[in-house]
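Participant: The following block contains the structure, expressed as structure tokens.
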């Protein structure tokens, strides 16, 4: 009998509670078990169960554990479960004592029992008890924010996540209302509010940010649209999942910052930060390191068979593999699996019909565990969120396909000697033909990417490029290939294939990567193979230059020369919220005639910085109206540009006080660089500006414009759709997103790329002052776009 009791204590009691509650249990048992400080810190659940068996002869401490759980509001349901298990172990049918137990329990109010039990049949007595509970818990519940009382992830449960000792979190956090093993369908459908005991913490807590999600939009029961994000933070002894309902704090939760949080709500191990909360960065003397064991717990995902044993109502966080996806009218069923079982995830609202496919990883935030007919299901609620990590393409793991690009890169094209110009190898310093794979892909310092990733990258570059055929071998020198300059050896492939951490690897990054591979270069393919080594693959542009944005931004904001480098190297989806003012935007244009893909360029600014933006969602054109203040999130930083895709969030902002952009900053954003400055800049950067056409020459599929000012001349090479523009000598070209490419004599030339845009400004040839080379050098803000 005692063995049965110990099984219940360990497997159905201690095993399912979270770290926070386990530490609480150890503290409450410290006198009985003679636990000193070191033992309370180090003893695990098995050791505590052993001590309880030794101390409490007869029931292995089960009765004591039930009493402790009953005194913890969010564990009351678990206490009832243990009482039933104890009766079973005694050989008594639970049904016999059910009424008696309910009556005995009714006096004790429980904030976590306000919702109808998830069990199947609740007796009238049980229902009455719940009603009483609800009334008594009212005052305390009033402390909780309006949003908290909504069905979305009760905060209390939030901390009990599947991630990082999450199993337990679920129990405590989820304790909200659901207790039984099965769930009433109506309860799930309505997703009733689950009032739980929350405590307003005035005193500050110092934590380190471990990870954050991107901001996302959710809908309140009042049909109001709001934005929030999730975060994980930790002290030196425990971690917390955080719901941040104030997105203006996103910057505070970036990186691995040490921050101080005050006036937050706490339920168990979950923190909620809202408009009333205060968040500030910690001082130098408040820095600390989080132990690896805490970090690992925070990242931990519970096995599905463990989830099936968890109490209904728990909140779950974790990363799971998608086995099957079924889309209904208002819900989506995601069947997840691991090596221990399967489970359904029901997504509604923002979690409905997320773009994903079998084999992808779903990172779930704040999902409620529900039970019906002994079957467990994860249900999305108001604050739930799903982040997608795309599966790896199997073909990239094939040894043959991985070797192919390297072998090809070492075989020069037979026609190379006879068709290339002397300038065709001017970019070899950036990509030496003798060591194509090392100089092309390796990082100059930290070697964080393995050979396999290099081969995969080469395979992708080879397969995804869509350059037409034989064009380059016969008509142009190597430098007319636009994208080679963008890949110096110092720009590792890490920015292309990897992201800063697992939580930044998502569908957005994969979508961005594939989009770039398909669109970023449009010069015919054979050109590259016929004039130079394999490093000249068309997609080189995806590897940002060593100082990509510095050279790009110096064309219009010299003081940012050292800042953009980090931005352009990241080459990944950015989840931070950036508030900017729109300075100007081009008209929408078709950049991919075959598929009729459209985009437009824009310039935006904060009060300190200016950013060039590529917008691939023309539905946002109205948002990018000059002088509008907008917030952008989930954008992509690449090569000195912010790239806005369909998954990017763009919203109007009523700035108070109104954002004021310094006039000097606006002027710097609209300055056209002098040609002698361009000649000395790093090749591979991108240039915007207004230039006068001195000569025009059409050769085959290319159009060459010679532009000039009072400091020199330069050639602009145009290919594809832009060759059809109506432009004559003496006109002015307003160039947007032209690549500065190398040329013999180290003068360089500007080349059109797939996202380039030209606007022709017609001039009167009889007015020489308009033809003055200097007249296009300084432009007004309105004139630039």
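Yeah, the Cβs are placed from backbone N, Cα and C, and that goes for glycine too.
Relevant sequence annotations retrieved from Swiss-Prot are reproduced here:
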type	residues	note
MOD_RES	45	N6-acetyllysine
REGION	88-196	region 'Disordered'
MOD_RES	95	phosphoserine
COMPBIAS	104-114	compositional bias 'Low complexity'
MOD_RES	106	phosphoserine
COMPBIAS	166-182	compositional bias 'Low complexity'
MOD_RES	168	phosphoserine
MOD_RES	174	phosphoserine
DOMAIN	193-393	domain 'HIN-200 1'
MOD_RES	214	N6-acetyllysine
REGION	388-442	region 'Disordered'
MOD_RES	444	N6-acetyllysine
MOD_RES	451	N6-acetyllysine
MOD_RES	575	phosphoserine
MOD_RES	598	N6-acetyllysine
MOD_RES	614	N6-acetyllysine
MOD_RES	780	phosphoserine
Participant: What whole-number Å value do you get for the CA-CA distance of residue 45 (N6-acetyllysine) and residue 214 (N6-acetyllysine)?
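Facilitator: The Cα atom of residue 45 (N6-acetyllysine) is 35 Å away from the Cα atom of residue 214 (N6-acetyllysine).
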Participant: Between 45, 214, 575, 598, 614, which of the modified residues has the fewest other CB atoms within 10 angstroms in the structure shown?
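Facilitator: Output over modified residues 45, 214, 575, 598, 614: least Cβ neighbours within 10 Å is 598.
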Participant: Of the modified residues 575, 598, 614, which one sits closest to residue 214 (N6-acetyllysine) when you measure Cα to Cα?
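Facilitator: Its closest listed neighbour, by Cα, is 575.
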Participant: Under DSSP, is residue 45 (N6-acetyllysine) helix, strand or coil?
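Facilitator: Going by the DSSP assignment, residue 45 (N6-acetyllysine) falls within a helical segment, counted as helix.
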Participant: So what's the mean pLDDT when you look at the domain 'HIN-200 1' (193-393)?
Facilitator: 88
Participant: Translate the DSSP assignment of residue 575 (phosphoserine) into the three-state scheme.
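Facilitator: Note: residue 575 (phosphoserine) is coil by DSSP, not helix or strand.
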Participant: Can you tell me the CA-to-CA distance separating residue 598 (N6-acetyllysine) and residue 614 (N6-acetyllysine), as a whole number of Å?
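Facilitator: With distance taken Cα to Cα, residue 614 (N6-acetyllysine) is 11 Å from residue 598 (N6-acetyllysine).
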Participant: Measuring Cα to Cα, how far is residue 575 (phosphoserine) from residue 614 (N6-acetyllysine) in Å?
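Facilitator: Their Cα atoms are separated by 17 Å.
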Participant: According to DSSP, does residue 614 (N6-acetyllysine) fall in a helix, a strand, or coil?
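Facilitator: In three-state terms, residue 614 (N6-acetyllysine) counts as strand.
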